[in-house]
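Heads up: the structure comes next, in structure tokens.
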Amino acid sequence: MARGKFNKRAGGPRLDAVNAEEIEIRNARMEELEEQRASRRAEEDEDDEEGGDEKEKKEEDEAPQQTERKKKDGAPAGPVAPVTTEADHKRNLAKLAEVRRRREEAELKRKQEEQLEKELEEERKRLAELATKGDDDDGGKKSKSSKKTIPKLDKIAIKKMKPAQMKEAMKERGLDIQGNAKELLQRLLDYEANR
């Protein structure tokens, strides 16, 4: 298998066997590698059998020296359990109570903000419903009070308007906004002339 984009191992150069000679060369290389591995394993096993007793003695000799070093440095040899005094315990409890109090205050503040947001949302919805109900009561026509708030446009101002501006003005006046620019202009001029 050759090295390539989809090869996960991406090891060293490999030999792709195409014919019988290449297969023999590859097999010979594999046998050499296996022999080398076997000889290394055998040497390691012999070293373990011969040096096993010596290694155990060395480890036993090193262990007391390490504990003595730790004792000389002032650090105890074994694991140390944390020691807390009664004053430390009281201080820790006081800190814990303070953290709990702050969390409760934050939770209370969060709940109040949520309640305020809900009230604002309900008020907004209520006002929107009133606005839509007010439009329905008029039957699509504006009341006299709303006519006073809509400014009257003159012909020159209407003719200078772009179609989008004309549509906005027509929406304010409750007129139909469908049609091309000429139709919108004529409809708005007629409305303002009749006003």
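Cβ coordinates are placed from backbone N, Cα and C, and glycine is handled just like the others.
Remember, it's a predicted structure, so these values are computed and weren't measured experimentally.
Here is what TrEMBL says about this protein:
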COMPBIAS  23-43  compositional bias 'Basic and acidic residues'
COMPBIAS  44-53  compositional bias 'Acidic residues'
COMPBIAS  86-98  compositional bias 'Basic and acidic residues'
DOMAIN    158-192  domain 'SAP'
REGION    1-98  region 'Disordered'
REGION    103-122  region 'Disordered'
REGION    127-154  region 'Disordered'
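Sequence-distant neighbours of the region 'Disordered' (103-122) (same chain, 6+ residues past either end, Cβ-Cβ under 8 Å): none. Mean model confidence for the domain 'SAP' (158-192) is a pLDDT of 91.
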